[in-house]
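*Asks:* Sharing the features that Swiss-Prot gives for it:
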- 77-97: region 'Disordered' (REGION)
- 169-273: domain 'Fe2OG dioxygenase' (DOMAIN)
- HIS194, ASP196, HIS251: Fe cation binding site (BINDING)
- ARG264: 2-oxoglutarate binding site (BINDING)
Amino acid sequence: MSQQEAVDAAFLPTLDLSRLVSSDAEERQKLVRACEVYGFFYLDLRSDAELIALWTGVLDLMGQYFNLSLDEKMRDSRNSDTHGYEPVATSTGAQDDLPDYYESLKASRDEVLTQSSKLAPAVKANHALLNRFIERAHAVTMMILRQLSIALELDDSHKFEAFHRHSEESLSTLSMFRYPKQEVLDVGVGHNKHTDIGTLTFLLCQQQGLQVLSKDPVGWRFVQPLPGCAVINVGDTLRFLSGSRFRSAVHRVIPVDQLQRQDRFSIAYFLRAENNATLNAVGGRTVSAKDWHDEKFDVFRKSREAQASDDVLTGGMERDM
């Protein structure tokens with residue numbers, strides 16, 4: 001890391017997966033503080049050989065898939081926010097007057113579990129790999145929720161995991177992103193600033209580009225990839241369920257060197273609450289988890305001026321800076 005990169009890097013704490021799995025009390029308190037102060041943290045996965053191998057397997061799949069022609073990938077399009085292919089430039093980008101510049105392949109957890117007919121052909125063809133990855137990412141994020149519930153001594157009805165029952169439908173989704181190499185900037189840029197919709201995001205990426213809006217010092221800071229580590233962040237739902245104790249940090253994706261000089265790949269598992277879970281959202285509104293999801297995706301596609309007119313895009317967090 002260069003001296004300038006070090007200056008521009010966000011400080012995030014690093015937690016150990018194996019210590020959280022074993023319900024280590026000290027690690028649990030570090031987890032609570034990370035969620036309260038930063039809303040982001042690194043999770044060291046190197047104790048879990050299977051998860052590291054699955055990461056490599058999904059990256060290999062992405063390298064093959066995203067190199068297909070656009071016509072071939074569009075066969076997987078489902079015009080959905082939770083499954084299928086989505087081409088570049090469908091939402092507002094990270095800079096004024098430009099759209100986003102990423103493409104994605106998504107797989108809904110519920111539909112993968114049931115092998116739904118809605119699954120994109122590319123997901124069906126790689127069902128075993130993607131199903132296992134989703135199982136493991138889901139297990140890790142649910143374990144984190146349980147540790148937070150223990151730390152806060154929540155009663156059964158208020159435990160965070162109680163809003164994520166296996167028997168209930170949810171919009172939890174695996175999303176595989178490619179930010180294509182760019183020759184010119186005017187085609188689009190990055191991924192616009194936002195807070196995540198759901199409860200927790202489990203992110204795997206080996207390349208720079210993710211930025212978090214820091215409170216001290218105020219400004220955008222790059223999240224440096226660490227070998228063998230996931231980046232975990234708090235989403236709006238966990239912020240709402242915690243009574244705003246936990247922080248859903250504003251973040252974006254933007255090229256480090258103005259243009260995206262090489263393809264950038266990232267894998268995100270978005271843990272989301274069951275669809276009918278009731279949330280006390282921004283402005284004192286009461287909404288279901290599904291309605292918050294749908295409303296926020298609608299805002300992603302609006303103009304920058306329309307996005308600035310309410311607090312949905314950044315979950316009200318930008319006002320707290």
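The backbone N, Cα and C atoms fix where each Cβ goes, and this holds for glycine too.
Context for these features, please: burial, neighbours, distances.
*Replies:* Taken residue by residue with DSSP, HIS251 (Fe cation binding site) is part of a strand.
DSSP gives ARG264 (2-oxoglutarate binding site) a strand state. Around ARG264 (2-oxoglutarate binding site), the C-beta neighbours below 8 angstroms that are at least 6 residues distant in the chain are PHE177, ARG178, TYR179, CYS205, GLN207, GLY209, VAL253.
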*Asks:* Report the residues of the chain - excluding HIS194, ASP196, HIS251 - with C-beta within 8 Å of the mean position of the site's C-beta atoms, for the recorded Fe cation site, in sequence order.
*Replies:* LYS193, THR195, THR201, ASN233, GLY235, SER248, ALA249, VAL250, ARG252, THR314
*Asks:* Looking at the domain 'Fe2OG dioxygenase' (169-273) alone, can you tell me the average pLDDT?
*Replies:* 90
*Asks:* Taking each of the binding-site residues HIS194, HIS251 in turn and counting other Cβ atoms within 10 Å of its Cβ, which one has the fewest?
*Replies:* HIS194
*Asks:* How does the domain 'Fe2OG dioxygenase' (169-273) divide up by DSSP, counting helix, then strand, then coil residues?
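*Replies:* Residue counts for the domain 'Fe2OG dioxygenase' (169-273) by secondary structure: 6 helix, 48 strand, 51 coil.
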*Asks:* If I restrict to non-local contacts, at least six residues apart, and a C-beta distance under 8 angstroms, what lies near ASP196 (Fe cation binding site) in its own chain?
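*Replies:* For ASP196 (Fe cation binding site), the qualifying residues are ASN233, VAL234, GLY235, ASP236, SER248, PHE270.
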